[in-house]
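Record features (TrEMBL):
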- ARG45: O2 binding site (BINDING)
- HIS49, GLU55, HIS97: Fe cation binding site (BINDING)
- GLU55, ARG101, GLU111: substrate binding site (BINDING)
- CYS126, CYS129, CYS163, CYS166: divalent metal cation binding site (BINDING)
Amino acid sequence: MFNTTPINIDKWLQENADLLKPPVNNYCLHKGGFTVMIVGGPNERTDYHINPTPEWFYQKKGSMLLKVVDESDVEPKFIDITINESDSYLLPGNVPHSPVRFANTIGIVVEQDRPGGENDKVRWYCSHCRQVVHESELQMLDLGTQVKQAILEFENDVEKRTCFHCNTLNYARPQSN
């Protein structure tokens with residue numbers, strides 16, 4: 001039998017806000033064909049996720065910033081997309097993106113299950129020269145834990161965090177100036 005019980009998002013948030021923890025701050029509400037996640041802010045990450053399928057963003061409370069990389073030209077372009085409260089945005093597949101979520105914000109993200117043999121990537125760009133510093137590829141089975149694990153592995157490996165183009169040491173979490 002399939003699930004016939006709707007989820008009241010406001011009630012769920014009141015009862016489960018403690019489940020939204022850094023660095024990613026997400027919780028999977030539904031799986032099966034699609035993954036539906038509720039995501040809180042603030043998050044603590046500098047990575048760019050590359051999903052082979054589209055992602056749908058809906059901003060329930062507050063605004064978020066979706067940093068994307070347009071790789072359609074010879075020189076990649078880094079672009080900031082603001083998604084305001086009540087806005088939705090459909091990100092095409094294979095676009096590097098880094099969701100920046102601010103304090104006391106709530107969003108919903110829907111991702112399609114990956115077609116067989118297609119992997120996700122988690123990539124870091126150098127904060128100084130914008131070259132790729134490190135990239136992890138993973139078969140996405142549990143989005144709630146796998147992205148967090150990739151972030152922790154990057155965070156704990158100075159060699160992975162050091163840019164081989166300009167020697168800048170990069171971080172897995174934003175650094176205050």
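Numbers here mean position along the shown chain, with the first residue as 1.
Note: Cβ is positioned from N, Cα and C throughout, glycine not excepted.
Predicted automatically and left uncurated, TrEMBL annotations should be read as such.
Note that the coordinates shown come from a computational prediction; the quantities given were computed from them, not determined experimentally.
Mapped onto this structure are the features recorded in TrEMBL.
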residue : record                             : DSSP (3 states)
ARG45   : O2 binding site                    : coil
GLU55   : Fe cation binding site             : strand
HIS97   : Fe cation binding site             : strand
GLU111  : substrate binding site             : strand
CYS126  : divalent metal cation binding site : coil
CYS163  : divalent metal cation binding site : coil
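Excluding CYS126, CYS129, CYS163, CYS166 themselves, the residues of that chain whose CB lies within 8 A of the CB mean position for the divalent metal cation site are, in sequence, SER127, HIS128, ARG130, GLN131, VAL133, PHE164, HIS165, ASN167, THR168, ASN170. For CYS163 (divalent metal cation binding site), the same-chain residues that are 6 or more apart in sequence and have a Cβ closer than 8 Å to its Cβ are CYS126, HIS128, CYS129, GLN131, VAL133, LEU169, ASN170.
When Cα-Cα distances from GLU111 (substrate binding site) are compared across the binding-site residues ARG45, HIS49, GLU55, HIS97, CYS166, the shortest belongs to GLU55. Checked against ARG45 (O2 binding site) by C-alpha proximity, the binding-site residues GLU55, ARG101, CYS166 yield ARG101 as the nearest. Same-chain neighbours of the Fe cation site beyond HIS49, GLU55, HIS97, judged by a C-beta within 8 angstroms of the site's C-beta center, are, in sequence order, TYR48, ILE50, ASN51, LEU66, LEU91, VAL95, PRO96, SER98, PRO99. If you count neighbouring Cβ atoms within 10 Å for each of the binding-site residues CYS126, CYS129, CYS166, the highest count belongs to CYS126. Counting every protein chain shown, the number of other Cβ atoms lying within 10 Å of the Cβ of HIS97 (Fe cation binding site) is 19. Here the Cβ of HIS49 (Fe cation binding site) has 22 other Cβ atoms within 10 Å, regardless of which shown protein chain they belong to. Across the residues annotated as binding substrate (GLU55, ARG101, GLU111), the widest Cα-Cα separation comes to 18 Å. ARG45 (O2 binding site) is surrounded by 26 other CB atoms, counting those within 10 A of its CB over all protein chains shown. Cβ neighbours of GLU55 (Fe cation binding site) (same chain, under 8 Å, six or more residues apart in sequence): LEU90, LEU91, HIS97, VAL109, VAL110, GLU111. Distance from the CA of HIS49 (Fe cation binding site) to the CA of ARG101 (substrate binding site) is 14 Å.
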